[in-house]
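Trainee: TrEMBL lists these features:
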type     : residues : note
REGION   : 1-35     : region 'Disordered'
COMPBIAS : 8-25     : compositional bias 'Pro residues'
TRANSMEM : 40-57    : transmembrane segment
TRANSMEM : 63-81    : transmembrane segment
TRANSMEM : 117-135  : transmembrane segment
TRANSMEM : 165-186  : transmembrane segment
TRANSMEM : 193-214  : transmembrane segment
TRANSMEM : 220-239  : transmembrane segment
TRANSMEM : 246-271  : transmembrane segment
TRANSMEM : 277-297  : transmembrane segment
TRANSMEM : 332-349  : transmembrane segment
TRANSMEM : 384-402  : transmembrane segment
TRANSMEM : 434-452  : transmembrane segment
TRANSMEM : 505-524  : transmembrane segment
Amino acid sequence: MPGSPEVVYPPPLGSPPPTTAPPATAPTDTGTGDVAPQQVLLGAGAVAVVAAGAATLTDAGSVPGLLVVALLTVAATLGSLRAGHRGLRSSEEALASAAVVLAAVAAWSAGDGPGGPSAVLLSLLAAVFVVLGLITRTTLTWPIAAWGAGQGAVLSALTGSGLSLAPHASAVLATAVAGLVVTLAVRRAVAAVTLVTAAAWWVTGVVEAAAHVWTTESVAAALVPSALMLLAAGALLALRRRADLLPLLGPPAAVPVLAGLVAGAAVAGLLQASGPVGVMTSGYLGLALATVVGAVASPGPAGPLRPSGLAAAAVLTGLAVVQLLGSGRWSALAALVAVAAVPALVVAARRPSDRRWALPAVVGCLAAAVLLTEADGGLGSAPAGQLLVLLCLLALGAGTALRGQPAELPLTWTAAAVAAAGLAQLVGTGHLTGLALALGVVGAGFIASGAVTDRARVRAGGCAALVVAAWLAAGSAGIGVPEAYTLPAATVLWLYSGRRLASGASWPAWGPGLVVAFVPSVWLAATEPDLLRLVLVVLAATSCATAGSRWQVQAPLVVGAASLTAVALGRLVVHLPLTGLLAVGAAGAVMLAAGAVYEQRRTRARAAFARVADLR
């Protein structure tokens, strides 16, 4: 029946409830990707109003034109405020933009001649825009316009002012700090604009302030620019507190490192203005900061304290090192470098994963301190070399104790470099005995380390050092017999073989050393009439062959027997006359022929017996 209410029955049991279509949403003012019609109209209207206002200013500073533009500016401002109150965001921004442009045109026209608007007028405009931004916090145009007017006021004040570098840099840095503070306070859309524009002020101000700080010799003159550099670094570092700005700041460590570099340069420049004492203070302050950061700062990549603190410490100490190098103050530099081992040691103790570079840095700092002290004349070449050899042994011991860990090989290579530096110092003394002793100690240390860590290259380096040490000792003692050089080499080859002498194949383990030990001596014993050498070689060869037979080791048995045979034949060949040699040769040939014939007959006889045995 018409007019009767519609009856809605519930769904059957077990069936899903009926779905209802979502309510239609009201059309928004702006699309997500297209320009809305009202935006086109608002933009065209704003341009027309601005053009009409600008056209009235036919003459710069004309009072009627300024009045017209002022009235249009006030009207656009009031319209923007009302549109914002009613929630018309596009109209609010369009009218505010028109008001800002009209105000800028009026300020330019009312300026003092061709120089543009005065700093006072632009400052007043900036204050008005700030007040408007506080009244309507939804409008983006007012804070951007306030920041732009403030920048214009500073530029107008600096243009043609004739300021020296210090106040000019201070004004630029103060503007940069103000921009970063504004960036921290405003919404993201405004913050992106202020951050980009403040970056130019920041870079310019830092460069100018650093140039002034590092060229002045007065602490008072450098105080204000240095303080502003510290403020600029702190304001930049504070930007990381806003999570919505992190994508604009680059990698996580970029801003902290940059802030640390600027802060370090500011403090170092202020301290160097006080003279050599300030330079040393800067260096030690950097080391103290690095120590504190290494002990306290969080090792995670997200924390800004560690990268910024280490960057500042590196600048403080690095600039002090450069200045000390330039002035040739080697003793002061040596003390600074020695103390630099402390923060590296703290890092190695607190973070085991960083020991692969921290422990070599400790050794390198101490070695550099020794070399710098020697360069300044506070330490002789021989004591410096001995200290470096001792430091090498300590580094080797630490690397051996950390065997299997990432720090082992870097420490071993650092120990080798320190040993080379120490041996170079001992070479300069001209004392071969001391050099040989140091080489022997270094070689023994590397052999022991290689044996414990089972690294063949480390053992090989130690063996080479021992051989050279033995040769130097023999040369310095005036020993000319070849055995003084061959026997140490053979001994070192057996040391390199190590455990393989007892359990490995005999030729790779024993063979090289036996050949080096016997071949030169056997040749000399066979060719020279030296009874003592002959007796010693025969005894050594006999002992070697007997020992090889006793313990069933092939290489000593063969080398000993071959050496004994070679000596006997050599002596026979050298000392028999020609007729005797011919007789011996003929006898040998006859014996060989007889042996061959005898073997042939035995072979035929065995074949004949075999055929007979096959008969039935």
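Cβ from N, Cα, C; glycine included.
Unlike curated records, TrEMBL annotations are generated automatically.
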Trainee: Where else in the chain does the transmembrane segment (193-214) make close Cβ contacts, counting only residues six or more beyond its ends and a cut-off under 8 Å?
Mentor: 143-144, 147-148, 151, 165-166, 168-170, 172-176, 178-180, 182-183, 186, 221-222, 225-226, 228-229, 232, 236, 239, 245, 248, 262, 265-266, 269-270, 272-273
Trainee: Under 8 Å between C-beta atoms and at least six residues away from its ends: which parts of the chain pack against the transmembrane segment (277-297)?
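Mentor: Residues 264, 267-268, 270-271, 303, 305-306, 309-310, 312-321, 323-324, 332, 336, 339-340, 342-343, 346-347, 350-351.
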Trainee: May I ask for the residues of the chain that lie six or more residues beyond the transmembrane segment (505-524) and have a Cβ under 8 Å from a Cβ within it?
Mentor: 482-483, 486-487, 489-491, 493-494, 497, 530, 533, 536-537, 540-541, 544, 553-556, 559-560, 563, 566-567, 570
